[in-house]
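Novice: Per TrEMBL, the feature compositional bias 'Low complexity' maps to 772-787. The region 'Disordered' annotation in TrEMBL covers 772-797. The transmembrane segment annotation in TrEMBL covers 336-353, 360-381, 387-410, 431-451, 463-490, 522-544, 880-899, 906-926, 932-957, 978-998, 1010-1036.
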Amino acid sequence: MNLSAPFIRRPVGTLLLTLGLMLAGVAATLSIPVSPLPQIDLPTISVTATLSGASPSNMASSVAAPLEKRLGTIAGVTQMTSASSTGSTRITLQFDLGRDIDGAARDVQAAINAARADLPSTLRTNPTYRKVNPADAPIMILALTSDRRSPAEIFDTVSAIVQQRLLQVEGVGDVELGGAALPSVRVDVNPLAVARYGIPLEDVRAALSASAANRPRGLIEGAGLAWQIYADTPGVRAEDFRDLPVASRNGTLVRLEDIANVHDGPEDVRTMGLFNGQRAVMVVITRQPGANIVATVNAVKAALPRLQASIPADVKLHLASDRTTTIRASLREVEITLLIATLLVVGVVSLFLRSLRATLVPAMAVLTSLLGTVAVIYMLGFSLNNLSLMALTVATGFVVDDAIVVVENIARHIERGMKPVQAALTGAREVGFTVLSISASLIAVFIPLLFMGGVVGRLFREFAVTMSVAVAISLVISLTATPMLAALLLRGEERTPRFAQWFERGFEHVRTRYSHGLDRALAHRGITLALLAATVALNVALIVQAPKGLFPEQDTGSLMGGVHVDQSMSFSAVQSRLVQIVGMVKRDPAVADVVAFTGGSRTGGAFLFIMLKQGKRDPARTVINRLRPQLGRITGVTAFLNPVQDLQTGGRSANSSYQYTLQANDPVTLRAAGTKLVDLMKREPQTFTDVDIDQQDGGSETYLTVDRVAAARLGITNQAIDNALYDAFGQRQAVTLYSGLNQYHVVLGVAPEFSTSPEALNGTYVPAGGSSAAATGSAPVSTTGAGRDASTGNAVNTTPATIVPISTIARWQNNSTPAVVNHQGGEPSATVSFNLPNGVTLGQAAERLIAIQRSAGLPATVHGGFAGNAQLLQQSMGSMPLLILAALVAIYLVLGILYESAIHPITILSTIPSAGVGAVVALMLAGMQLDVIGLIAIILLIGIVKKNAILIIDFALDAERGRGLAPVDAIREAALQRFRPIVMTTLAAALGALPLAIGFGEGAELRQPLGVAIVGGLVAAQFLTLFTTPVVFLALDRFRRRSPHERLLARHGPDEPGLEPA
């Protein structure tokens, strides 16, 4: 049966079908979304709870632990981590990739509701949650600056207008503000003044609360009209509170300004943001899960002019970071690489076919196949990203293979005098099964990849589907449009250019030398088989010994950094150091912009986002190595810088790229083990750099021990003590104020000059004998012996309270305390993070880290495991042997079915070890690691190199079955006859990958390993398989059970045109 015959005989219909496929591809190319990598959304939910003033230990035990107990029962949770700091707990839940994020969110809300009864009653608001994607770095960072307004005023504008409008932009998932806080009314109490008047701080708070009660006033209705009742309330400025009566002493009102400095200021004074050294408010934008990064950035950019117009003119909006700048540049480079690869492939075809007409046929096949592939992946919902474009680039060398095999065979018949149409019919029939075998077995390679789970499986899947679609479309084109075009375009009498004649003579010389070498290999089969066995052994040894990693480190043009500070350092000292760091980084010649902020919801230091200049500059890793020693000279801080990567797999937030987590039931044992492991790692700078641990134990605390008997004698309750301390030192939000666009707070505390050391406790007073409303915890001011201020209507205390210094009922001592308490899976944890020096792979570092831990003598109760990318490396390397085995089995099954033989598929598979050797050796010579991209290349090579064997064996079997040739004659004749298409297809595949291997432009570090491995594997396979395949064929052919109906399997009988002797 000749599948190509109807298409050869109906050229108009075939041309129109081909044109329709090309037009669909053009339309898809204009519409398909673009992104850096295939969409990988890690279903993750972050739960946050706040309890102002609570210590990290209290937050961990009273808030984090009850929540973790409930959240840990949710189905599909793969990792649960928490970080508890002063007044805040954040729990991160990472779910299995197959878990529906919306269903998970409902389960999280139910768990929070169930845990509410176990949480402290002082937790004023329920814990909240939000969906996040830890695989995402910020897609944009905006910086707002002003020469006239304070950061708090800018923050007010941003939170009221900019943040809300950005959240409405399609694709935006979260908008985080940093670098400042909302304006507030700050009440800085003079402890000496309140002591003189006998006014407890809780009475001050109660007076503030009562003055701004925002309650409904009711409605007056008459016979025909209704009147809504309103009453004046304080405004949102300090001047509205200064004359607030707090108490009455000797008939004189004590107003708030008499005992406190009432002024406008930021709600949180411990926060700061810098943009290139200037105070600024940062807007950090991340995308929604599933949203396309480029489309989202375009939508945000389109909204920026409207945002600038909606804010005061003196507030300048700067685009500090645009993640898509390098993405677009990288995709442009891949597109150029694809174009170069296509031209190289067409060039080699032209060289071998020696005819412009003949070259047009495979060129059209390549173009049609690539455009058709884009149309299909668009319909499948894929994006045009680095991996899919790499797949198309590599596929350029594959899709032309089928066309080369068909055209070369048709051209051979025309050269021997056959009419073009008859040559097309005969040639297509002869190689139809060969083309089908090549394509089907190549697609079979990717079948196991489609069933891989995890992040690596998601990456592989889009690449595998793109390649499979390209090969499938190429198969259809080679059996339909290619023979039809060959029948129309090829002519036997076409004049051959002189250069082509020279090339042909040179090629014939090479073919003659190959003939002599083949005869020697056939004469010394034992030596050839021994060489093949050695290749198999070498292949296994190289894969085992090759340095391994997860993913090539990308240069995305952006750096992220963390600044680890001495935990006892004051905030003003942190500010000073951060200004130094930003100035030092900004002076680097490769740096364009620097964004930095500290404080707010981020604890433990400061954070940096560094944007590098576009165009020619030093690589990101070079910039980091240059800045590291400079930043190391700043005392009291340690700065960590890392290139932003497109692939981020979650794990705990850390200052360095790779993580190893220790866990133990006893926090003391855990702290000692973590410290010891870090010290040992720091002793090996040749393997680990930027070693850090999230164990922040250097904080300082003042621990009060209350004399319960003395307190009870004076009538002082624990709640009264807690309230007095919280009012004095907790930046307590005493009142919530409402305006048209925002909500503000009145923040109560002692004046900063009275809280510079623990000695400030000597000036902190607590009410005795229950004289204050605070002692019972009630919010209203006591009315016993009280008068009422006529101007405000507020109740004021006219009787001086009995207040005593806390020092009379308590003693204190200064201790060290953890600034952050971390859990993983509900158990105390400490995460060690590290970076790699040049020349060290993640696999090597992981092996060394495990060895260090084993030799460190850590207690048996301490156990550890890799997290994030390091954990993913272990999983991917563990599945690599099974993946390769599954690909081999899939190819064997397909070829066994096609050839109706259990033996000859083994012959075809014998070509693969040489490709593996070539790929790994090429990577090692290029100084590259065997990572996910290298593994993709090896899987591809499994599908590519068996093509040589298929071309030889298919024709040899046909000669045996159809013309009755002896096996040795058939295999020799087939090897020589198919030498030209084998060399053509191998060169086409190698040249298709060569631009990737050379590596130029943005993102080259991601593409290079794929090209290097493919080129190396093809070169090695080409030299070895041309000799080993015939020998293995003969060695296994004796075991083949010969069917009495074998002649029926031949695609032409002895009297039909077919293979002629070479």
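Including glycine, each Cβ sits where the backbone N, Cα and C put it.
Tell me about the setting of these features in this model.
Specialist: Residues 359, 362-363, 366-367, 370, 389, 392-393, 396-397, 400, 404, 407-408, 411, 500, 503, 507, 980, 983-984, 987-988, 991-996, 1000-1001, 1007 of the same chain, all 6+ positions outside the transmembrane segment (336-353), place their C-beta atoms under 8 angstroms from a C-beta of that stretch.
Sequence-remote contacts of a segment are chain residues at least 6 beyond its ends whose Cβ falls under 8 Å from one of its Cβ atoms, and for the transmembrane segment (880-899) they are 433, 436-437, 440-441, 444-449, 452, 905-906, 908-909, 912, 935, 938-939, 942-943, 946, 950, 953, 957.
Within the same chain, residues 394, 398, 401, 405, 433-434, 437-438, 441-446, 449, 456, 459-460, 463, 467, 550-552, 876, 880, 883-884, 887-888, 891, 895, 899, 904, 907-912, 914-916, 919-920, 923, 967, 970-971, 973-975, 977-978, 981-982, 985-986, 989, 1006, 1009-1010, 1012-1014, 1017-1018, 1021-1022, 1025-1026, 1029-1030, 1033, 1049, 1059 sit at least 6 positions outside the transmembrane segment (932-957) and bring their C-beta atoms closer than 8 Å to a C-beta of that stretch.
Same-chain residues lying 6+ beyond the ends of the transmembrane segment (1010-1036) with a Cβ under 8 Å from its Cβ atoms: 390, 394, 514, 517-518, 521-522, 525, 528-529, 531-532, 535, 903-904, 906-908, 910-911, 914-923, 925-926, 928, 933-934, 936-938, 940-941, 944-945, 948-949, 952-953, 956, 967-968, 971-972, 975, 979, 982-983, 986, 989-990, 993-999.
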Novice: Going through 463-490, 522-544, 978-998 one by one, which has the most CB pairs that fall under 8 Å from the transmembrane segment (906-926)?
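Specialist: The stretch I would name here is 522-544.
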Novice: Is the transmembrane segment (978-998) packed against any residues at least 6 beyond its ends, judged by a Cβ distance under 8 Å, and which are they?
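Specialist: Answer is 337, 340-342, 344-345, 347-349, 352, 390, 393-398, 400-401, 404-405, 408-409, 507, 511, 514, 944, 947-948, 951-952, 955, 1007-1008, 1010-1012, 1014-1015, 1018-1019, 1021-1022, 1026.
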